Each structure stands twice: as structure tokens, then as C-alpha cells.
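Accompanying notes for the structure given below.
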């Protein structure tokens, strides 16, 4: 396992378990088997409809704005060594990334529906936005491969830091310090120079026991997350819900490709299962701001306008907060040249590995 063909299965090759490689056949399989051990694997695409800024945009994204600030390198904001030297840039940015201002998507609610029906074995995510938790999926059902904002601790003595104090610090753009040793506090998200959570490796082979695998909104280009679908046993259906085919999905007789955005894809599957009304109700209940769909549609500002305002405020805040002297910049650049940041293209441990939204196109 871990290596499989990327060649699309011949259309003439019949499925071994499903009646056909269709959404309807998957729904029939789920209901008749019956399926009880679904493993879900997701990436940044599952959160697109939540309105989270597209950090990758070359002209308007947050990443593009960081490029023009007085940083030795935009990626330094997410480097643990740089964070130790100057945590202010990260906390200026954290307000845009922290949970609470974005609502779960229909795809997140679909995962919750799987859990409610007793069918979810485990949910693997590359995202740090905690939207699965906001949708109601219990934390013990989630493997956050790149960590998340759900918890935080001191980077020195590892003492946990209270949630309420962390939320207050992020809201104010302040840097929190440990009450025990005065060390810097950081959310439990994976920075450059840090290992992935042990929970990921402890559960990495869990897909071997699945009776259905659903992959959504990920390019499957970053290891070790990208290898997860290959652990699914032959003969177990794998469903890809994504705008394009990725990884080795589609190479097995029982792989089903739903090439669409994640929300449309889960709606199609829910409709075939007879779950559409339940899914819509769960999604409505998952709105932390308790706005109706009509109210959301009536909101006068477009997503682009909201994003532009958010980026302008963020850039101004970081520009005001971050005042790195020329001498300090020189020292940091020299340190980074001596200890180069990992490259996403070279070994999969770079920015895309930690923050999928920030990956360069």
C-alpha cells in the first residue's frame, strides 16, 4: 500500500462490489450492505464555500499581501524559529484564520450526518479551521493531520492554555504568554520545523478497516496525507468528490468520481440516499450566527468585497504591528539562509503541508 496506479480504470472493467460506478450505486451499497465504517478524508476544498479567504490569489490573497510586508519571507510567519523571535506577525494573521467567523459548509454537515447515522469511523482533515467541530462532529472522531486552533499550549513547557484567554488574545491581536513559565503560547497547528501530531500516525492505517472511503476537496499532493486512500482495501468503494480527479482515485474498479464542488457533490449523494432534507436541516442548525439562508442571500456585500475589506484590515494591522528593523531583518535572513525553510515541492513539508489554503498554484 502507499503506491498505486494513476491510470483511470478501463470503462469496460466492471465494478467488483458496486452495481455501477455511479452515485446511485454508491447509495444502494450504503443502504444494503449496510455500511458502518466510513472513513472521510478532506482538504481545503471542503471549506471554500464557507467564505474562507482564498489565500493563494496572486493579486488579492492574504499571501500576496504578506509578500509586501517587512518580513524576511512571507512563509516565516509560519516558521517555528521565526515565531520564537517574533510572534506578532502570526497573531496579527491569526484573527483571519481562527474559528468563529465562518460557518460550516454543506460538506461539513454531511460528515456530521454520517456520524449521526452511526456510519462514521474516522474523519481525516488537512484543515486547521475547526469547521467539522462547529458542524457538530465530536473531536474524538476527527484526525487533524496539520493540527488546529481547537487547543493551544506553551511552546516551552507544553502547559495547556485556557480557551477563553486564547480567544481574547487572538481577538485583540495580542501575544499570549504561559502563566507557568512566561513562554510563548501557540495554537496546536503544525508550523515549519514541527512534527505532525502523533494521532495522525497512530491512525494512519485505519482506512484498512473501512467499508467505504469518501475523499473531498483535496489535491492529494502532499505526503503523508496523500497516501491515506491507498490504505483502503481492494474491493472497498472509494468516492472522490472534487472538481478534478486526483491521486490514484479512479484507478480501481469500485472507485466513483463525482467531479463537482464539494457541496454539490454531497448534495447529490445525500439525494440518492434519501438524506437531503436531513442534510439541509443539519446545515441550517450549524450556522453559529443563526442567519437564515434568505438573510444570507440578502447580504449586500459580495464575497469579493468582504475579502477585500478583510485583507485591507489585515494588511494595515500587520503593517502597524510589525516593525522589524533593517538590522533585525538581516539577522533573520541570515538565519533562514543557514536553516532554509522546507519546500512544498521538494519534500512535502512546506506551506501547503501545513496550510492547504496557502499553497502556491
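Cβ coordinates are placed from backbone N, Cα and C, and glycine is handled just like the others.
In Swiss-Prot this protein carries:
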| type | residues | note |
| --- | --- | --- |
| ACT_SITE | 146 | active site, proton acceptor |
| BINDING | 43-63, 126-129, 217-219, 242-244, 262 | NAD(+) binding site |
| BINDING | 154, 157, 178, 181 | Zn(2+) binding site |
| COILED | 294-328 | coiled coil |
| DOMAIN | 16-276 | domain 'Deacetylase sirtuin-type' |
| REGION | 335-361 | region 'Disordered' |
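Residue 51 (NAD(+) binding site) sits 38 Å from residue 181 (Zn(2+) binding site), counting Cα to Cα. Ranked by CA distance from residue 242 (NAD(+) binding site), the recorded positions 146, 154, 178 have 146 at the top as the closest. The Zn(2+) site is defined by 154, 157, 178, 181, and by the 8 Å test on Cβ atoms against their centroid, the other residues of the chain that qualify are 153, 155, 156, 158, 159, 179, 180, 182, 183, 185. Recorded residues residue 43 (NAD(+) binding site) and residue 146 (active site, proton acceptor) have their alpha carbons 11 Å apart, per Cα-Cα distance. A gap of 26 Å separates the Cα atoms of residue 146 (active site, proton acceptor) and residue 181 (Zn(2+) binding site).
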